[in-house]
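This report concerns only the one structure given below.
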């Protein structure tokens, strides 16, 4: 297969996954946005975590809220738990890598805050511990997962929201996660500041 055919095949696979996900995920993304807006209206904040590409997604989400998405508006409180190398490495060194997010949540999380927990497999041990810590702090969890939802799905409470991408391919799951994050940012802005359409 020549390179351009391979590129087209990858584009088509991404399109197909997004089309399949659109109807399945729309109600879950809507519900997640309502949870997040309710938290923000009640002086709550967003905390976000994940590993690797999912860490990048956590940072992307937090930066879109803190700075801006597609319009000028006041900053919204959001913290990516993936960015402080001193904190991450001290926890990993002194305790365990599995606790790098949960210890931060126990310090920063408050009742009514929301945790955006991101894992393509749903089985990242440190994200699973983050969910447990969030529940201990009476936070609501929005989980971005893929495959069968993994261990994260089994931990979710009725008030939590899972956005599970219908794919087993990591790259396709990550692509839909980013789109879901952009949808969340758009819905948060439109609910808090009015629709621009």
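Note that Cβ sites are derived from N, Cα and C of the backbone, with glycine treated the same way.
Mean pLDDT for the domain 'SIS' (36-197) in this predicted model: 98. The domain 'SIS' annotation in Swiss-Prot covers 36-197, and the record cites sequence analysis as its basis.
Residues within less than 8 Å, Cβ to Cβ, of residue 121 (substrate binding site) and separated from it by at least 6 positions along the same chain comprise 145, 146, 147, 150. Annotation source Swiss-Prot lists substrate binding site at 51, 52, 53, 64, 93, 94, 119, 120, 121, 124, 174.
Among the features that Swiss-Prot reports, Zn(2+) binding site is placed at 60, 64, 174, 182, with the record citing sequence analysis. If you take the C-beta of residue 64 (Zn(2+) binding site) and look for same-chain residues 6 or more apart in sequence within under 8 angstroms, you find 181, 182, 185. Mapped onto three states, the DSSP output places residue 64 (Zn(2+) binding site) in helix.
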Tertiary neighbours of residue 53 (substrate binding site) (same chain, Cβ under 8 Å, six or more apart)
120, 174
Cα-Cα distance linking residue 60 (Zn(2+) binding site) and residue 51 (substrate binding site), given in Å to the nearest integer
13
Please name the residue among the binding-site residues 51, 93, 119, 174 whose C-beta has the most neighbouring C-beta atoms within 10 angstroms.
119
